[in-house]
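Everything on this sheet refers to the single structure shown next.
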Amino acid sequence: MARRPMMAANWKMNKLVGEAREYIEQLLPRIEDAGGADIAVFVPFTALNEVARMTRDTPIVAGAQNFYYEDSGAFTGEVSAPMLLDIGAGAVVVGHSERREVFGETDEMVARKAVRAVSAGLLPVVCVGETKEERDSGGMWEKVSGQIRAVFDHLGDETSGGDIVFAYEPIWAIGTGDTATPEDAQDATGKIRGLLEEVRGEDFAGAVRILYGGSVKPENVGEIMAQEDVDGGLVGGASLKAESFAELVNAASNAKSG
Ligand code: 13P
């Protein structure tokens, strides 16, 4: 099944509102010919309102980097799905390794967030990936498969493959310049698709987009996108400049055509 490529920027904790505005102004004219890919920009909460406003009626989807799965109540400091929808967000990153490692998010919390995002009509990009130690000790697949199985322990059967995106982000490749080889990226994303098929069947697995994340940049995006089970990228550092993110978007748009 043909899956539409997706290129996603994760700004992490970067950019003031004025910088966000300038970035979107620079990005929009540079992606005019990128009709072959979905484009998402995951921005800090403080910039989300403005980015969502500026990207309305454009091919760019504005997204949050996190949210909480309850809709309202005594959860100081948290933001809910209805709040994100209210300001025009269309997607959300769930379970980024920095949330898991720095803020203690568990597989269970990540699964609840993924489920709530889907039911709210927000596209979740669910991040999974292993540490260097886990990879070196042969525990990569145990970690990654456990993270994914936890999501399917909670996700209802009515969910279709197009409602959820996974991002394989090996922690050792994030922000290190130490990109996974294209073969490593294919190995992991292929295994993930195999697991999706096991838990939800072929049609579901064939429709889910699986992104690769970890030191993606214009110089390596082509060989990563060329892998059969890699449907796009989730990009930190190289997404912070509109010019370089636009190159990645255009590469994704061209990668799977023909
Ligand atoms: P880098 O592209 O900076 O390695 O970050 C990857 C990432 O964590 C995207 O979510």
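One is the number of the first residue shown, and numbering goes on along the chain from there.
The backbone N, Cα and C atoms fix where each Cβ goes, glycine too.
Sequence annotations record features per position, and here TrEMBL assigns active site, electrophile to His96. In the three-state DSSP classification, His96 (active site, electrophile) falls within coil. Taking Cβ-Cβ distances under 8 Å and a sequence gap of 6 or more within the same chain, the neighbours of His96 (active site, electrophile) are Asn10, Gln65, Asn66, Cys127, Glu169.
In the three-state DSSP reading, Glu169 (active site, proton acceptor) counts as coil. Annotation comment: TrEMBL describes Glu169 as active site, proton acceptor.
Feature annotation from TrEMBL assigns substrate binding site to Asn10, Trp11, Lys12, Gly175, Ser215, Gly236, Gly237. Sequence-distant contacts (6 or more apart, same chain, Cβ under 8 Å) of Ser215 (substrate binding site) comprise Ala173, Ile174, Gly175, Thr176, Gly177, Asp178, Thr179, Gly237, Ala238. In the three-state DSSP scheme, Ser215 (substrate binding site) falls into the coil class.
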Fill in the blank from the handout: In whole Å, the longest Cα-Cα distance within the recorded substrate binders Asn10, Trp11, Lys12, Gly175, Ser215, Gly236, Gly237 is 14
Practice task
Ten-angstrom check, please: count other Cβ atoms within 10 Å of the Cβ of Glu169 (active site, proton acceptor), all chains counted.
Solution key: 29
Exercise for the section: Could you check the binding-site residues Asn10, Lys12, Gly237 and say which one's CB has the most other CB atoms within 10 Å? Expected result: Asn10
